[in-house]
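TrEMBL has this to say about the protein:
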TRANSMEM  29-47  transmembrane segment
TRANSMEM  79-100  transmembrane segment
TRANSMEM  153-170  transmembrane segment
TRANSMEM  190-207  transmembrane segment
DOMAIN    248-279  domain '4Fe-4S ferredoxin-type'
DOMAIN    283-303  domain '4Fe-4S ferredoxin-type'
TRANSMEM  334-352  transmembrane segment
Ligand code: SF4
Ligand code: SF4
């Protein structure tokens, strides 16, 4: 409470969205069904990668430090692909927003999708808007308790399926499901499933539009991507005002706009917005008010699209009696599109040519070198050969940079080094340089490892240390 009695936060007014049918509602149902199917079913898709490899198509294997996406296998040192995906997603979002407005918020954001699903369950169990308002106003009774418990029970089941599906992206889905219900899953798995179940239940069941209005940062800066050509849900004020009931228009001989002030656009809104008051942060651009108003306009025989999904420029054209013009190709949409293309092509190019062999060489720190009886100098190293392929690898090792440099690999033949599939081979490497061949101090050398099966080469720069003279 602030000085003078004013409040820091507005009171929460519960929103009771009314059911509506129409073009946007159908699109929302189709997208919701598709996204939920993808989310719940993808962990169950199998992908044969041969023996000793997980057969789950999409898997983030934290224990094995590997991410699998169908035929693509990402090792920890390739995590920059994840950064590339995030950059691609961000530019995709900027592009879609500058072109089509809040389509992410209204149709595909997980908060919108699960809230929509939870609201539909609420309608099935408690009825449409008026029935729900009435039920909430009633004193506690057996009937009311049964309805409320049923609704929350179904919500919790959906939330559990959602949390469980999320965990399945990090573990083998059939194994996790079996272990989860037989009490054999790990503690962490129960904790994470519980956490995501609670999050889904609270955000989609209770918080709903509060997440969009108060918690999500995206609505706060997406307006920077809008211009007069961006497609937005707006009320055509020039056509709707002055608003008033149909009867009054008939009784009073005053000019009246097409809006009959029926309030249906507000009652169907999932965030409780009155779009006739102009663009608002709370409007997620779902288009349900367009469906609502179109149904009213159709009933009273007025042109549709009093609330419309269109560019502000097209609306201005209509208001001025000009044919509406829309511009989809604009500097900002072109820039975003070019960025998407550049990042996408760059990622595809690096993916298609990425190395499946990696070499690391660590020089001994103490001693830096050993002087041999014959006056030669020896340096010791730890050589690691990472074979990222699913078949056994045979590699050759060559070292260049100093005259007469000799390679000794302890326990292996440097011309045929065997490394198991999907494994790291660790070897002790000794490099010997004859007397007088190594300059004093450190000298650059090059270590070359070649996969004898496919010719892939990994070159590693290193140094050879000799005593100061
Ligand atoms: S005002 Fe219309 S478009 Fe905006 S959230 Fe409400 S129903 Fe959806
Ligand atoms: S649904 Fe259409 S006619 Fe009814 S109040 Fe909203 S804008 Fe006016």
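Note that Cβ sites are derived from N, Cα and C of the backbone, with glycine treated the same way.
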Averaging pLDDT over all residues of the domain '4Fe-4S ferredoxin-type' (283-303) gives 97
For the transmembrane segment (79-100) and the transmembrane segment (334-352), check the count of CB pairs under 8 Å (sequence separation 6 or more) and say whether it reaches 3 or more. yes
State the non-local partners of the domain '4Fe-4S ferredoxin-type' (248-279) in its own chain: residues 6+ outside its ends, Cβ under 8 Å from one of its Cβ atoms. 13, 15-20, 115-116, 119, 129, 208-209, 212-213, 232-235, 237, 239-242, 286, 288-289, 291-293, 295-297, 300, 302-303, 306-307
Within the domain '4Fe-4S ferredoxin-type' (248-279), how many residues are helix, strand or coil going by DSSP? 11 helix, 0 strand, 21 coil
